[in-house]
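**Student:** According to TrEMBL, the protein has these features:
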type: TRANSMEM; residues: A:7-26; note: transmembrane segment
type: TRANSMEM; residues: A:79-98; note: transmembrane segment
type: TRANSMEM; residues: A:110-133; note: transmembrane segment
type: TRANSMEM; residues: A:154-176; note: transmembrane segment
type: TRANSMEM; residues: A:182-200; note: transmembrane segment
type: TRANSMEM; residues: A:229-253; note: transmembrane segment
type: TRANSMEM; residues: A:265-286; note: transmembrane segment
type: TRANSMEM; residues: A:298-321; note: transmembrane segment
Amino acid sequence: MNDVLDVTLRLLIVFVVFLTFPLLVGQTEHKVMAHMQGRLGPMYAGGFHGWAQLVADGVKFAQKEDIVPAGADRRIFQLAPAVALLPYLLVLLAIPVGPGEGAVGQVVDAGIFFVLAVMGVGVLGSLMAGWASANKFSLLGGLRTAAQLLAYELPMLLTAASVAMAAGTVSLPGILDAFEWWWLPWQIVGAIVFFVAGLAELQRPPFDMPVADSEIIFGAYTEYTGLRFALFLLAEYAGIVVLCGLTTVLFLGGWHGPWDDDGLGWVWTLLKTAVLAFIVIWLRVTYPRLREDQLQKLSWTLLVPLSLAQIALTGVVKVVIR
Amino acid sequence: MSLAADTPGFLSPTGVEITFVLVGLVTFGAALVTVTTRQLVHAALWLVVALGGLAVEYLLLTAEFIAWVQVLIYVGSVVVLLLFGLMLTRAPIGRSPDADSGNRWAALAVAVASAGTLIWVVVDAFRTTWIDLDGPAAGSTKATGQSLFQNWVLPFEGLSVLLLAALVGAIVLSRKAKETDPAAGPDPAAPHSGEQGEKETR
């Protein structure tokens, strides 16, 4: 009975995190973007600095009519948002927030492979949406999504493999147990490549070619309205949480901090994740969108060689210190 | 209880075994729909179900590492590449009756023959092998890696060479296409030069 309670509690916590953290990131994005652009952002909803803006948005989305275009492939069109969103919920299960087995939803033996594999599945949602909408802009968006995924999955995998080599394990808690502070300069190139490739996989600016609202009208999501559209947006923000959490765990030492790792471990994890999420928002405000060919060129001529060099460096250092 | 553990049989299946058979049936059904559906993109999506079902089967056999690699490579990359190719060429919504091949009976014969061979080999090789689900995972990353690099290095290296050859072949093919069409430079947004190049080579 205790096991059942334990599992239920863990699932419940992960689910609550899944529902609240993306909204927190979204609200922060509203405010940070506004202040970086000399505006105030939402100020009225909820009273204090518009804290309830996203709740109000959610109510608005729920009221909207749910339209499926006449020429669309009905079932796939309706299924796509779930396929886009659910993988991130599964990934959250495997991300450790503190030391020990109590601070992770589920210990997965091949954790790195699990998170990267499941994150890749999420992109299928965009592809399905792009195809099933029976809209040329959506199809273009879907195509760009696929091309982008194929280009950026490789550097992500290679840099994650570099960390796995350094730690000698592919389990996420295992990597954190093996972490030393000097891994930070050692793996810094890999960290940057991983983060950039992750941004591209999430289709966040400056890599938002597949959704480019001013060119192809939000790409794969053009035909979506109401709650289904909101689910796609939620998937994007859940993706930010997952990517920042993963970068924290793989490259920034997760729950390791300057002091009191055991007691304050989860605070360090959340703090690092929050700083990374802020950087994601910051990049959106500062950089213009890359063109499709620039985007491919960045991946194949810069990120892939850099990640290969990182793997070579990791291997050499690993042999030298053994 | 101890008797059943000593000589495992098929008469009193455990929960895991029943799940295994059910997932196997779903996988088989999805695979059948993949090759019989008349909608191209639906075929690719049913392939996702079939490959995902296989991953679940690996998980049930405690081969966690293999399962996630299966999802990563097949669902995450191969199917995405397939969908990408379909969208680039033709992916109509609805049925495409002209997509049926005249070779389907030959394909069926080959498929049945290879499936028969594989089933025969696997059943013959693993008839008496039982996985202890309660003990340490027999298919953990560590166990998989050790057996791969201790007992199966030669096939592993052979596969690497095969993949390398395929990679080199792909590069050679794409280079050749460029040589026959010299006017079409690296700039894809210049259709005029491409047309001129075609005329010149003609």
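Cβ coordinates are placed from backbone N, Cα and C, and glycine is handled just like the others.
Please situate the listed features within the shown structure.
**Tutor:** Panel annotation: around the transmembrane segment (A:110-133), residues 69, 72-73, 76-77, 79-88, 90-91, 94-95, 139-143, 145-146, 149, 153, 156-157, 160-161, 163-164, 170-175, 201, 203, 210, 219-224, 232, 235, 239, 242, 246, 250 of the same chain, lying at least six beyond its termini, place a Cβ under 8 Å from a Cβ of the stretch.
Sequence-distant neighbours of the transmembrane segment (A:154-176) (same chain, 6+ residues past either end, Cβ-Cβ under 8 Å): 94-96, 99, 101, 104, 107-113, 115-116, 183, 186-187, 190-191, 193-194, 196-198, 201, 249-251, 253-256, 299, 303-304, 306-308, 310-311, 314-315, 317-318.
Remote same-chain residues near the transmembrane segment (A:182-200) are listed as 148, 151-153, 155-156, 158-160, 162-163, 166, 207, 243, 246-247, 250-253, 276, 280, 283, 295, 299, 303, 306-307, 309-310, 313-314, 317 (criterion: CB distance under 8 Å, separation of at least six residues from the stretch ends).
Tertiary neighbourhood of the transmembrane segment (A:265-286): same-chain residues 25, 28-29, 32-33, 36-37, 96-99, 103, 195, 199, 204-206, 240-241, 243-245, 247-249, 252-257, selected by CB-CB distance under 8 Å and a gap of 6+ residues from either end.
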**Student:** With Cβ-Cβ distances below 8 Å as the criterion, list the same-chain residues six or more beyond the ends of the transmembrane segment (A:79-98) that contact it, or say none.
**Tutor:** 11, 14-15, 17-18, 104-108, 111, 114-115, 118-119, 121-126, 128-129, 132, 172-173, 176, 224, 228-229, 231-232, 234-235, 238-239, 241-242, 245-246, 249, 254-255, 265-266, 269-270
**Student:** Is the transmembrane segment (A:229-253) packed against any residues at least 6 beyond its ends, judged by a Cβ distance under 8 Å, and which are they?
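**Tutor:** Counting only partners 6 or more residues beyond its ends, the transmembrane segment (A:229-253) has Cβ contacts under 8 Å with 17-18, 21-23, 25-26, 57-58, 61-62, 81-82, 84-85, 88-89, 91-92, 95-96, 112, 115, 119, 122, 125, 129, 160, 163, 172, 175-176, 179, 181, 183-184, 187-188, 190-191, 194-195, 198-199, 201-204, 221, 268-269, 272-274, 276-277, 280.
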